[in-house]
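Peer 1: The following block contains the structure, expressed as structure tokens.
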Amino acid sequence: MGEERWVSLTPEEFDQLQKYSEYSSKKIKDALTEFNEGGSLKQYDPHEPISYDVFKLFMRAYLEVDLPQPLSTHLFLAFSQKPRHETSDHPTEGASNSEANSADTNIQNADNATKADEACAPDTESNMAEKQAPAEDQVAATPLEPPVPRSSSSESPVVYLKDVVCYLSLLETGRPQDKLEFMFRLYDSDENGLLDQAEMDCIVNQMLHIAQYLEWDPTELRPILKEMLQGMDYDRDGFVSLQEWVHGGMTTIPLLVLLGMDDSGSKGDGRHAWTMKHFKKPTYCNFCHIMLMGVRKQGLCCTYCKYTVHERCVSRNIPGCVKTYSKAKRSGEVMQHAWVEGNSSVKCDRCHKSIKCYQSVTARHCVWCRMTFHRKCELSTLCDGGELRDHILLPTSICPITRDRPGEKSDGCVSAKGELVMQYKIIPTPGTHPLLVLVNPKSGGRQGERILRKFHYLLNPKQVFNLDNGGPTPGLNFFRDTPDFRVLACGGDGTVGWILDCIDKANFAKHPPVAVLPLGTGNDLARCLRWGGGYEGGSLTKILKDIEQSPLVMLDRWHLEVIPREEVENGDQVPYSIMNNYFSIGVDASIAHRFHVMREKHPEKFNSRMKNKLWYFEFGTSETFAATCKKLHDHIELECDGVGVDLSNIFLEGIAILNIPSMYGGTNLWGENKKNRAVIRESRKGVTDPKELKFCVQDLSDQLLEVVGLEGAMEMGQIYTGLKSAGRRLAQCASVTIRTNKLLPMQVDGEPWMQPCCTIKITHKNQAPMMMGPPQKSSFFSLRRKSRSKD
């Protein structure tokens, strides 16, 4: 039989769909409730085939926005069109999609596309409510082949909601067992607790559909899933129960990786954390020693120890993963190397001769210290942690807590879910500074996910925490009694502020210093701390070595209190009550708010720094002509340290309150001071005299705020592009009070909102220890400029 293929979305469209899913606050289960009584889709039957109009309504309920017309149409066609057939009866295994295209396929695609376009045309409500008869006499599909076509060539295309829901649920984050159970109940339409062969094939076809988008080679996955289906039906009666379905899925590792393996609970119990990977150089299976082949993702690789296997070998009797903690703390216990064989195309650390990638049996490397040796060259069995020993928590430094006193709980505590959570004690190596790594996987697109995997390998997985799993608190509690530990915040400025808030609430006797690995765009705080505007794929080992030598600086943090007037209606929720970077009101907040609203509606248009800059330019240009915040002085009152600032003679459209010398991704609104004329004030008295303000220096640890006026969007653009050095200096003070009498756009640390009439008070809260990045190396041209300025 010829191999059948789905009509697929393009990779760009698939990325679009993923971004819409990530930005939506709803889960697929929430969208299904719209078909219940009182929901927006109550007039439709979810068990019947649905038309394009109902499909659009369902996607709007799920994603909370309307999909772009091309993406919506193509996604609908992906579920309604006939699968494409190979022209040959015996196709080459692993053939590309392009080889499957034929003239008949193109005609069929064009015919269906025309019908979909007709279906996409505005219909009356009666047409939208029209239902198609269910295909009850469907022929049972053979295992692992696409289902029977569900649209006739003479009728408008329709889709089955089950297929759409199953497909979308695979894109969502969540536990694999929950996804398996959800898909089972979704296709168990008669609610008898059993799935027949055709229903299981429909589910597996959707899994293969997703696998192709993730660049998996289905030639390996297809027989594994087929074997899984055969193994589930123990009594060979053609039906599978929920228990059999979940058990079969949870014991098939490639399927777990496809569903999104949850490795949060496997840090140290000997279980591997598998991920599909494409290898850029020849790589061999650690089990069978045969090279991994394929043009897509060729095999499974453990995130923790880099043990690599074929998909077919992963279920064999392979060695367990490295242990990340010691079972019991014994006096005098020493750390031994944890060896992994093969795939080390580097030089031997003893004889300094090259190790070939195929020498899987003759060479191995240590997971902890990264030392690589030929077997004949191995020296001591003792491991000291290697070049990252100052940061890494070796397994001998972590042991479970034991309680010997009567009446106390055993070696763990019960979580909110009723699960037993192990508690640990950290006894670091003397003279070291263990590093707590907190990663926001959503920052920088998928950059955060890659950073998380890399740190899992570079350090002990137990000291690396995913902020999606409970936020910063679990990591801070794990390190609570650890002396001299440091924190690395991987994410944007919002992530850093979140971590600093949690450190405040944790009530540490001594606050740990925080370094920043900036992800995404903006990152004004990271720029001021010399960590750069965004991680661009450099060596993480070098960044960790820089943290070892980082000097400390105290960062001022400010309390932001917004007091609305009693007679006005409630506006948007204030994003933060603490300010770390800046607060602004007026023209720049208006542009930021429009940018924020547009990004929520169309996240796929904001997936690069260049696109973000172009959108800011467009919004800034339109704001220049609209001037929505002109005559700002008529609508606000400004007080600095209790003294009013006269704005009547100044034509401003915006006011910014600065704590750090960076805004809008590196722009300094306060401006630079000549070093020979700058004055660092020791007193905390406010300054509003324009002559004195010329010599006031901005410092993120002086417990002072800088107040700057903006004349409009045009001036903002000039400052951003360097055509103008700074805005208008209004004051330098220790507290600010602003009163407004109309609805105005505001933003704090890059998060905008619309605020009705209110009183805003900004006062000093505390200081947080931060680590500075290494000084930037001066280039030849910067040295020339400095020498000219001295002359």
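Here the Cβ of each residue, glycine as well, is placed from N, Cα and C on the backbone.
This is the feature table in Swiss-Prot:
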BINDING   Asp188, Asp190, Asn192, Glu199  Ca(2+) 1 binding site
BINDING   Asp233, Asp235, Asp237, Glu244  Ca(2+) 2 binding site
COMPBIAS  83-92  compositional bias 'Basic and acidic residues'
COMPBIAS  94-103  compositional bias 'Polar residues'
DOMAIN    175-210  domain 'EF-hand 1'
DOMAIN    220-255  domain 'EF-hand 2'
DOMAIN    430-564  domain 'DAGKc'
REGION    82-103  region 'Disordered'
REGION    117-154  region 'Disordered'
REGION    768-791  region 'Disordered'
ZN_FING   271-321  zinc finger
ZN_FING   336-385  zinc finger
Peer 1: Do any residues, 6 or more residues outside the domain 'EF-hand 2' (220-255), come within under 8 Å Cβ-to-Cβ of it, and if so which ones?
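Peer 2: For the domain 'EF-hand 2' (220-255), the sequence-distant neighbours (Cβ-Cβ under 8 Å, at least 6 residues beyond its ends) are 143-144, 176-177, 180-181, 184-185, 188, 193-197, 200-201, 204, 207-208, 211, 274, 276, 294, 300, 310-312, 314-315.
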Peer 1: Applying a 10 Å Cβ distance cut-off over all chains shown, what neighbour count does Asn192 (Ca(2+) 1 binding site) have?
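Peer 2: Excluding its own Cβ, the number within 10 Å is 9.
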Peer 1: I'd like the number of other C-beta atoms within 10 A of the C-beta of Asp188 (Ca(2+) 1 binding site), please.
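Peer 2: A count of 17.
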Peer 1: So if I draw a 10 Å sphere around the Cβ of Glu244 (Ca(2+) 2 binding site), how many other Cβ atoms end up inside it?
Peer 2: 18
Peer 1: At the level of the C-alpha atoms, what whole-angstrom distance separates Asp190 (Ca(2+) 1 binding site) and Asp237 (Ca(2+) 2 binding site)?
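Peer 2: Computed Cα spacing between Asp190 (Ca(2+) 1 binding site) and Asp237 (Ca(2+) 2 binding site) is 18 Å.
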Peer 1: List the other residues in this chain whose Cβ sits within 8 Å of the Cβ centroid of the Ca(2+) 2 site residues Asp233, Asp235, Asp237, Glu244, in sequence order.
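Peer 2: Same chain, not in Asp233, Asp235, Asp237, Glu244, Cβ within 8 Å: Met232, Tyr234, Arg236, Gly238, Phe239, Val240, Ser241.
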Peer 1: Check each residue in the chain of Glu199 (Ca(2+) 1 binding site) that is at least six apart in sequence and keep those whose C-beta is under 8 Å from its C-beta; list them in sequence order.
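Peer 2: For Glu199 (Ca(2+) 1 binding site), the qualifying residues are Tyr187, Asp188.
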Peer 1: Highest Cβ count within 10 Å among the binding-site residues Asp190, Asp233, Asp237: which residue is it?
Peer 2: Asp233
Peer 1: Write down the Cα-Cα distance for Asn192 (Ca(2+) 1 binding site) and Asp237 (Ca(2+) 2 binding site), rounded and given in Å.
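Peer 2: Between the Cα atoms of Asp237 (Ca(2+) 2 binding site) and Asn192 (Ca(2+) 1 binding site), the distance comes to 15 Å.
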Peer 1: Take the mean position of the Cβ atoms of Asp188, Asp190, Asn192, Glu199, the recorded Ca(2+) 1 site. Which other residues of that chain put their Cβ within 8 Å of it?
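Peer 2: Filtered neighbour residues, in order: Tyr187, Ser189, Glu191, Gly193, Leu194, Leu195, Asp196.
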